[in-house]
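As written in Swiss-Prot, here are the features:
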- GLY172, GLY173, ALA174, GLY175, VAL176, GLY177, LYS178, THR179: ATP binding site (BINDING)
Amino acid sequence: MRTNPTTSSPVVSTLEEKNLGRIAQIIGPVLDVVFPPGKMPNIYNALVVKSRDTVGQQINVTCEVQQLLGNNRVRAVAMSATDGLMRGMEVIDTGAPLSVPVGGATLGRIFNVLGEPVDNLGPVDTRTTSPIHRSAPAFIQLDTKLSIFETGIKVVDLLAPYRRGGKIGLFGGAGVGKTVLIMELINNIAKAHGGVSVFGGVGERTREGNDLYMEMKESGVINEKNIAESKVALVYGQMNEPPGARMRVGLTALTMAEYFRDVNEQDVLLFIDNIFRFVQAGSEVSALLGRMPSAVGYQPTLSTEMGSLQERITSTKEGSITSIQAVYVPADDLTDPAPATTFAHLDATTVLSRVLAAKGIYPAVDPLDSTSTMLQPRIVGEEHYETAQRVKQTSQRYKELQDIIAILGLDELSEEDRLTVARARKMERFLSQPFFVAEVFTGSPGKYVGLAETIRGFQLILSGELDGLPEQAFYLVGNIDEATAKAMNLEVESKLKK
């Protein structure tokens, strides 16, 4: 932790003795810089280019040292566009890694990768900054308490419950609902959550970032009248940013979250959308730095880069960071190196299925692919565990019977199997749920369902008490009482039509 009340910029530390170099080569977002003998900067040091281009426009580009090439030359990756830079321009070595503002002054504001506010609300009033590169907490500092984090989403709470202070991954291909699910989790958890939240937008759509900001202002998570009372800090490095910014914006968000955990001793929520873009940016940078690509063209340092980010997201005896990360799955292939490397670090995985999304079942969470280390009788209790296992067994049996149904039809199944299929189809629909953040699209009001209500609903379906109700009564409802009420309404409507 460093306090530098003298600097206006959060990036550059005090530069009494300037260590100056000159640009020798520019290849897109990568710069080669020559320094005087014996004055070489360290790896991860921030370099700043302050100059004017040919038409007199001010240039202010920050880079990060990635390689020491020899012959007094270093290779650095730019955190913003390199337009207007020329060979021979002066480069200042700041003598320290990128540092960003941390603490209460960051709440309610939007930052870029350098920790500069980008919301047009004036400068951030903070004197406390922290470097984005830090080591993970020591093993002895870690907290090992196990407790459930209730989300109000039926399929998550029942089949793959989240751990308080754990790491959670939302896996899915393009357009199956990762961002909507992460928005709903922000809505359900961040609003009811007493602590603070940090949202890292890594390489995703600018429009979604803007929507989230507006949504948070409307809901009061960001307090416009008194910004200091806000509960969230936003850090964006969107799709249009250079790979250097997308590669480091996750670390900027994490650094802000770590301060709340370690210094303020708070419980923090860290949302990252999307962790795949962090890997993708690392892959782009790796190729630009001339490293030999590894499997499927990814960087050879994939596991190391992922580990250095994920190991810092943890709970210590001071406070906790509960992290929810969206993970894009290229071509719906979960064995792709990027999602496969992420799996190893997570306590719970929520896998979104294109098949369910095509059926119109939202959230399209696959009940069989989603997993959680918390689903154990000693943690969640016997009743919850037994119900979850029976739901999974029924879903698995239905999946096995689908080929037979497709070829021979339902009538060729045994009585027992027909009953299993009917209950599985009801459960599949009951796992859907109207979301608060999707109200404007669906026209249905959002529903928050407590864990006890969720367990009761599935027990009633499994016991056979609701076998007489139609399937559509279970679609997009909250608790089981709404399903029975919907069934009665459907019955009345059908009688009126006759």
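Each Cβ is built from the backbone N, Cα and C atoms, and glycine gets one as well.
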* Structure fact -> With neighbours defined as other CB atoms within 10 A, the best-packed of the binding-site residues GLY173, GLY175, GLY177 is GLY177
* For ALA174 (ATP binding site), nearby residues of its own chain (Cβ under 8 Å, 6 or more apart in sequence) -> TYR328
* Asked: Which has the fewest other Cβ atoms within 10 Å: GLY172, VAL176, LYS178, THR179, the binding-site residues listed?
  -> THR179
* To do: Note the Cβ centroid of GLY172, GLY173, ALA174, GLY175, VAL176, GLY177, LYS178, THR179, the recorded ATP site, then list each other residue of that chain whose Cβ lies within 8 Å of it, in sequence.
  => TYR328, LEU352, ALA357
